[in-house]
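The following features are taken from Swiss-Prot:
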REGION    8-12  region 'Important for hexamer formation'
BINDING   ARG102, ARG138, LYS139, HIS160, ARG161, LYS171, GLU201, ASP222, SER248, GLY249, GLY250, GLY270  quinolinate binding site
Amino acid sequence: MDPEGLQFLLPPASLAALANSWLQEDCPGLNFASLVTGSAPAQAVLWAKSPGVLAGRPFFDAIFTQLNCQVSWLLPEGSKLVPVVKVAEVRGPAHHLLLGERVALNTLARCSGIASAAATAVEVATSTGWAGHVAGTRKTTPGFRLVEKYGLLVGGAECHRYDLGGLVMVKDNHVVAAGSMEKAVLKARQAAGFPLKVEVECSSLKEALQAAEAGADLVMLDNFKPEELHPTAATLKAKFPNVSVEASGGVTLDNLPQFCGTNIDVISLGMLTQAAPALDFSLKLYAEGDIPVPHARRS
């Protein structure tokens, strides 16, 4: 999917609400630093200072839109960043530009970091010849899920389910609460109706076969070592060829190739949203007529 088109997935009302909440969090009261700058027109350059994938432009825009500032992008969403590179220019009242600076940088850095990790994971997996899907998980930061899931998409990975309503997932605790695997899956099937699929988390071949027999659409083989994963998936697929198999738990960028196999349809990595390092961006003001530089020095 073209990263530039992903912006249309984001509800404008959600973008505005998120931007407003982030700005409110950072400045809920008096902003004394604004007295230093006043409201004179100002301009700044956004610099990327670490390599990776650019992601999060719609959120960056939404923040500065709230502050009556204009952003002009020099690179498209999904661009590969080779530092140091000029990414965008921002213009607006000085006090508003600086009010949005840190919030916008934090959002862009986090989203780009996730996109970069996702892009690396997809590249690692496809380099093995595997044709399945790399996905994130629901292990996201409360209040920041839209940004993080969007970053996965820009990086070429799948969201998995966005929230609890996107897929009925039966986990080990559901099985305990329901009384048995069969009861849990049957109740999930009834709740799902025709629009939703049912996925069941399994920790053994026995559980996987029970889940498929009960009507699961997807079986997650959770925390399997690669040497156990592939024989289990092969046995499951041989008996239930229409059931999709997901590998999850303990997967990192380093060991990802070991989880790729012909009987694995999806590999999900919690680390894409939990452990991806943020990229380094800076926003530097410059005087009209001066040449913008990434590291401004006072003389």
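Just so it is clear, glycine is given a Cβ too, placed from its N, Cα and C backbone atoms.
Computed from a predicted structure; not experimentally measured.
With a cut-off of 8 Å between CB atoms and residues at least 6 apart in sequence, the same chain places MET169, VAL170, LYS171, ASP172, MET220, ASP222 near GLU201 (quinolinate binding site), listed in sequence order. When Cβ neighbours within 10 Å are tallied across all protein chains shown, the highest count among the binding-site residues ARG102, LYS139, ARG161 belongs to ARG161.
Counted within 10 Å of its Cβ, the other Cβ atoms near SER248 (quinolinate binding site) come to 20, all protein chains included. GLY250 (quinolinate binding site) is surrounded by 15 other CB atoms, counting those within 10 A of its CB over all protein chains shown. Residue counts for the region 'Important for hexamer formation' (8-12) under DSSP (helix as H, G, I; strand as E, B; rest coil) come to 3 helix, 0 strand, 2 coil. Residues ARG102, ARG138, LYS139, HIS160, ARG161, LYS171, GLU201, ASP222, SER248, GLY249, GLY250, GLY270 are listed as the quinolinate binders, and the farthest two of them sit 40 Å apart at their Cα atoms.
In the predicted structure, the region 'Important for hexamer formation' (8-12) carries a mean pLDDT of 95.
ARG102 (quinolinate binding site) falls within a helical segment according to DSSP.
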